[in-house]
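Here's the structure we're looking at; comments come further down.
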Amino acid sequence: MSTEQTEKTEPWTVLRLLTWTTDFFKKKGSDTARLDAEVLLADARGCSRIELYTAFNTELEQEPLVAFRELVRRRGEGTPVAYLVGYKEFYSLKFQVNPSVLIPRPETEHLVIEALDRAKSIAGEGKLHIADVGTGSGAIAIAIAKNLPRARVAAIDKSEQALQVARENVERYELQDRIVLQHGDLLQTIKMDASLDMVCSNPPYISQAEYDALDPGVREQEPEMALLCGPKGTETIEALIPQAARCLKPGGFLIIELSPMIADACADILKANEAFAADTVHLIRDLAGHKRILSAQKAA
Ligand SMILES: C[S@@+](CC[C@H](N)C(=O)[O-])C[C@H]1O[C@@H](n2cnc3c(N)ncnc32)[C@H](O)[C@@H]1O
């Protein structure tokens with residue numbers, strides 16, 4: 001994309017840029033090379049991805065071309081696309097993100113689906129009190145609140161910087177009256193008086209060994225506090241379960257995202273806690289077939 005000779009002879013049209021960049025990202029090892037190229041080019045042109053398809057033969061002006069080159073260079077060096085464009089779609093909603101928060105993942109949508117399904121089974125029309133532990137960008141709290149008008153969510157995080165991003169997302173969706181942001185460790189800011197209908201969490205769950213072997217594009221770019229848990233990977237979930245047991249109403253739900261590596265161990269820990277009905281403890285698989293969501297109901 002940089003040889004002046006080629007630039008003079010053949011114009012940098014949208015299609016040519018997409019083709020060149022997709023090939024470049026593939027060589028860099030991206031599994032989503034074409035998508036990355038489209039998202040970055042749309043961002044540089046200030047248009048939607050769909051609009052690129054009706055502009056294949058359009059030549060780029062100098063300003064968006066310079067902006068696009070810079071984005072491609074940074075992507076080539078490993079910066080995630082979501083941090084470059086400043087947003088990520090999750091559950092059909094757009095979330096602002098920056099390196100203070102984990103980029104919401106498609107697997108986490110299974111947690112939201114489970115939470116909304118379980119919420120439907122709670123009788124009545126009154127408010128549902130929910131905690132989202134480790135809210136990050138606020139993706140889970142906001143997706144639940146947008147789809148469940150009864151929801152009142154405490155969105156908790158240990159990171160002040162993450163909460164600042166969550167605050168901007170909550171304001172973007174005008175949910176300040178239904179989502180309260182709290183700075184704290186797990187459920188310590190919540191009264192342990194069995195008043196919650198549901199506790200949701202996508203906590204850090206990566207063991208030190210897994211973290212050391214993680215794709216550098218994730219390990220070096222996304223916040224360590226969002227990913228790394230401890231030597232086993234189960235430590236945060238082990239601490240969360242007894243706290244959730246005290247905060248949840250009888251019949252309330254605990255829904256946790258985890259790694260397939262620790263799924264069975266965490267299910268056993270949950271079954272061993274007498275507060276939860278052992279026959280309600282179950283694991284839900286993601287689209288790749290991996291055990292990803294642990295769900296259980298507090299005994300009535
Ligand atoms: C895996 S990220 C999940 C972010 C977001 N909920 C999502 O699903 O995209 C975990 C989040 O938990 C926060 N966190 C880590 N330890 C915590 C703790 N002990 N108490 C509260 N939040 C914590 C991190 O700062 C991070 O934002």
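Cβ from N, Cα, C; glycine included.
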TrEMBL annotation, S-adenosyl-L-methionine site containing GLY134, THR135, GLY136, SER137, GLY138, ASN202 - matching residue among ASP117, ASP157, ASP177, ASP264: ASP157
Least surrounded among the binding-site residues, given as GLY136, GLY138, PRO203, PRO204, when other CB atoms within 10 Å are counted: PRO203
Contacting binding-site residues for ligand 1, chosen from THR135, GLY138, ASN202, TYR205 when the Cβ sits under 6 angstroms of any of its atoms: THR135, ASN202
Distance [Cα-Cα, Å, rounded] between GLY136 (S-adenosyl-L-methionine binding site) and PRO204 (substrate binding site): 11
PRO203 (substrate binding site) and SER137 (S-adenosyl-L-methionine binding site), distance between Cα atoms, whole Å: 13
Cα-Cα distance linking GLY138 (S-adenosyl-L-methionine binding site) and PRO204 (substrate binding site), given in Å to the nearest integer: 15
Cβ neighbours within the same chain of ASP157 (S-adenosyl-L-methionine binding site) - under 8 Å, at least six residues apart: GLY134, THR135, GLY136, LEU163, ALA166, LEU181, GLN182, HIS183, GLY184
